[in-house]
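Features reported for this protein in TrEMBL:
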DOMAIN    38-472  domain 'Amino acid transporter transmembrane'
TRANSMEM  42-65  transmembrane segment
TRANSMEM  71-95  transmembrane segment
TRANSMEM  168-187  transmembrane segment
TRANSMEM  193-217  transmembrane segment
TRANSMEM  287-308  transmembrane segment
TRANSMEM  328-348  transmembrane segment
TRANSMEM  390-410  transmembrane segment
TRANSMEM  447-469  transmembrane segment
Amino acid sequence: MASEFEKNSTNMYVEQSPKGLENGQVQKNVDDDGREKRTGTVLTASAHIITAVIGSGVLSLAWAMAQLGWVAGPVILFLFSFITYFTSTLLADCYRFPGPGSGKRNYSYMEVVRSHLGGFKVQLCGIAQYGNLVGITIGYTITASISMKAVVRSNCFHKEGHQASCTVSNYPYMVIFAIIQIILSQIQNFHKLSWLSILAAVMSFAYSLIGLGLSIAKVAGAGHHVKTSLTGTIVGVDVSGSQKVWRCLQSIGDIAFAYAFATILIEIQDTLRSPPAENKVMKRASLVGVFTTTLFYVLCGTIGYAAFGNNAPGNFLTGFGFYEPFWLIDFANVCIAIHLIGAYQVFCQPIYGFVEGRCSEKWPDNKFIKSQHDINIPWFGVYNLNYFRMLWRTIYVIITAIIAMIFPFFNAILGLIGAASFYPLTVYFPIEMHIAQRKIPKYSFKWIWLHILSWACLIVSLVAAVGSIEGLTQDLKTYKPFKPQDHD
């Protein structure tokens with residue numbers, strides 16, 4: 001078996017990097033799989049995790065804390081952080097097959113599931129992963145349009161007074177966002193947009209820190225007094241009994257959305273240099289990333305709750321708990337929009353690659369799918385135009401924009417995406433692959449408690465999804481399609 005694996009590895013090695021075999025420089029220039037030598041470290045992997053996780057999810061944490069209160073809110077935040085870290089260590093061990101320290105590399109989540117579990121679970125993983133990515137792109141379209149609209153409303157409130165209606169429609173800004181994404185989606189090699197990803201990460205930290213700073217200033221301000229409690233919103237005063245239940249469940253989904261990074265963990269791990277072993281480095285990076293993110297989330301959630309109390313807005317930078325300084329709020333919302341322009345591309349590129357790859361395999365001789373047309377663009381060089389790529393990517397962006405227009409509900413959408421993706425991608429597959437990899441005996445103590453954790457997380461995900469669906473239902477009762485709304 002060992003000699004057969006070495007033979008297969010060598011064949012792949014030759015095929016993928018023939019230049020690396022010249023002049024005896026194979027080991028210096030490439031890794032054991034024939035690809036260019038990886039250079040990632042604990043620091044770079046931690047940075048990837050932090051910038052991927054700290055995103056638009058942070059905007060809803062003050063609202064989630066208001067529903068759950070001072071006791072349950074922080075407890076659930078810490079609980080999700082522990083589960084996320086624990087299962088990320090299990091997933092890190094599955095990067096290589098059959099063993100965590102040596103063996104064939106896997107370059108994507110689906111490849112990891114195919115190597116360790118196989119069968120219908122690969123298709124199940126694909127549905128969960130790509131469904132999650134589609135949901136995120138829809139959610140980002142909603143969030144970006146709300147932030148663009150918030151800039152106009154902020155200026156209106158500054159000029160007309162805080163009591164002015166300042167009603168503005170989301171839809172023109174969804175169209176603007178979609179046009180930008182259609183243009184960016186035509187760039188075949190996303191590595192050429194690395195500057196946009198870096199800019200997006202900087203923007204993510206910028207608006208999160210602005211929101212945190214404004215919350216601290218509000219709490220420290222003279223005469224500040226808001227109503228908070230150990231259990232959050234009060235039944236009969238702030239909400240009805242049924243609203244309390246549904247909003248608490250939706251809040252759990254929002255927190256789950258804020259922590260999700262399992263869909264990109266394998267891709268991050270694939271950037272790490274070796275030695276040391278990639279799984280060990282990734283575990284340290286996950287610890288640093290999850291700890292930093294949790295600290296940041298607890299600060300934003302608790303201080304945001306202290307600033308707004310039980311009436312915390314769903315999005316604490318666009319719900320207008322803050323009116324002044326208007327220019328800083330404008331800047332924060334511009335940062336959100338810029339961040340989501342880049343983040344949308346990060347999450348939709350795997351979808352583009354998957355669909356285009358499958359179509360190329362199915363119709364290898366189709367000229368519409370395969371042919372490239374060179375177009376010379378001044379100041380940019382030669383662009384390789386592919387009609388299929390242009391049409392399909394444009395249609396995808398348009399469809400996500402239309403769905404966002406039909407369901408422009410920030411908190412309910414985030415909660416539903418978080419609930420739907422948390423269990424299969426963050427909990428179920430890492431646990432099942434760990435059991436298969438370590439050959440844990442059925443009904444042993446470890447097998448039992450891992451399945452108890454898995455089933456508990458399934459129940460949490462289901463009730464959070466029900467809460468988010470109920471929230472969507474309530475929003476739809478008062479929603480008038482394609483008409484401006486006074487609130488988000």
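Residue numbers in this text run from 1 along the chain shown.
Just so you know, glycine gets a Cβ as well, placed from its N, Cα and C.
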In the same chain, residues at least 6 away from the ends of the transmembrane segment (42-65) whose Cβ sits under 8 Å of its Cβ atoms read 73-74, 77, 139-140, 143, 200-201, 204-205, 208, 211, 215, 232, 251-252, 254-255, 257-261, 264-265, 268-269, 271-272, 281-282, 284-286, 288-290, 292-293, 296-297, 300-302, 304-305, 307-308, 312-319, 336, 339-340, 343, 346, 410-411, 414, 418
Quick one: do the transmembrane segment (71-95) and the transmembrane segment (287-308) have at least 3 Cβ pairs under 8 Å, skipping pairs fewer than 6 apart in sequence? yes
Within-chain partners of the transmembrane segment (328-348) [C-beta distance under 8 Å, separation at least 6 from its ends]: 52, 55-56, 59, 133, 136-137, 140-141, 143-144, 147-148, 150-151, 154-155, 177, 180-181, 184-185, 190, 193, 196-197, 199-201, 203-204, 206-207, 210-211, 214, 317-318, 322, 396-397
